[in-house]
Amino acid sequence: MKQLRLEPINKVQGTINIPGSKSISNRALLLATLAKGTTTLTNLLDSDDIRYMLASLKQLGVNYRLSNDNTVCELEGIGAPLNSEQAQTLFLGNAGTAMRPLCAALTLGHGEFTLTGEPRMEERPIGDLVDALRQLGANVTYLKNDGFPPLTINATGLDAGEVEIAGDLSSQFLTALLMVAPLATGDVNIKIKGELVSKPYIDITIALMAQFGVQVVNHSYERFEIKAGQGYVSPGKVLVEGDASSASYFLAAGAIKGGEVKVTGVGRMSIQGDVKFADVLEKMGADIEWGDDYIISRGSTLKAVDLDMNHIPDAAMTIATAALFATGTTHIRNIYNWRIKETDRLAAMATELRKVGAIVDEGHDYISITPPTKPHTADIDTYNDHRMAMCFSMLAFADCGITINDPDCTSKTFPDYFNQFAALAQ
């Protein structure tokens, strides 16, 4: 197994241009496919999850051209549902942002489509989405365990009507349903069962749909209306914002060991909810400055916080390791959906934080972290989870340094992360 040793870093300073957002990249690729016209996507994320989406689209007959660095994609929209005369099997790795939307999109046309992935994907739920698609006439069959991939879709189109979908596990289910609703046979009204998690990710979806010419009526995140007759039309160009979750590591670095760290590509004008991570750092005592397309974080003495972080589930992981440098016990609440991500992130985070000496209380949907007087070094397991690797890079700010096992798992969203991180060290 590959290991990466991070020696202690005394100070960070510099500017980082954040690579494109995973959430926006894969949504935009699918909408561009369904739209009339050619779309040029710039600042597209070059990572595993995006490559799985692109490979699947190519297999389904979508034409696109990528720049040499894979960050500009010119894609010819088909302006219609995806169809295939031959049965297709699509391998989607562990990319939830490809699996869930494609599962929905492939019900719209005609053909037989089997969706598979890595072993962890077979443990990541998709049942709430499939239940909703079945209410609109979709024919979806599970191949192993009910409610989980792999699955086969026998597509004949999607009916209009009322549909209920659970919102308490993952916002990706609703995102997938929203994106395909305009191509159903008539009006679609979506009712949310339970409390909708990660609402800012739904805002991203609705904003991107609007860019492609489709309006969604949002009734306080309890009901959504999508009128028939709205087809997707390419806006010509789409700039993919920097990934706000990826920005969190550099902003935290500035707060812990700044100096001053400026991240560009996200800012006040961002459509991503995870930019609110900077507000949490500010509550912890960091000095934060906002621009339209940048955020600056400056070092300060940090104190613990006790917050509901359901709205920033990915970036909240960075607070868990930043808490090691704050005075007091930090409580991160309402984060059950950590358990159904790339790994069970609540269990993984608790295990690895204890390795460096933290006192941790892991609950059903919360984690509480009391830092040790002095963190100690450890070999950190990353569970094939990119965010675990990036979060624990914060331990380079302790006097002992840290060793990251399987550091290349960051290729899921940020292949160049550790080089960029090292570039900030003074």
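Every residue gets a Cβ built from N, Cα and C, even glycine.
Of the residues Ser56, Ser198, Ser368, Swiss-Prot places Ser198 in the same 3-phosphoshikimate site as Lys22, Ser23, Arg27, Ser170, Ser171, Gln172, Asp314, Asn337, Lys341. Rounded to a whole value, the Cα-Cα separation of Arg387 (phosphoenolpyruvate binding site) and Arg27 (3-phosphoshikimate binding site) is 20 Å.
In sequence order, Asp49, Asn94, Ala95, Thr97, Asp314, Lys341, Glu342 are the residues of the same chain, not among Lys22, Gly96, Arg124, Gln172, Arg345, Arg387, Lys412, whose CB sits within 8 A of the CB centroid for the phosphoenolpyruvate site. Distance noted between the C-alpha atoms of Lys412 (phosphoenolpyruvate binding site) and Arg27 (3-phosphoshikimate binding site) is 16 Å. Cα spacing between Lys22 (phosphoenolpyruvate binding site) and Ser198 (3-phosphoshikimate binding site): 15 Å, rounded to the nearest whole number. A 10 Å radius around the C-alpha of Arg345 (phosphoenolpyruvate binding site) takes in these binding-site residues out of Arg27, Ser171, Ser198, Asn337, in sequence order: Asn337.
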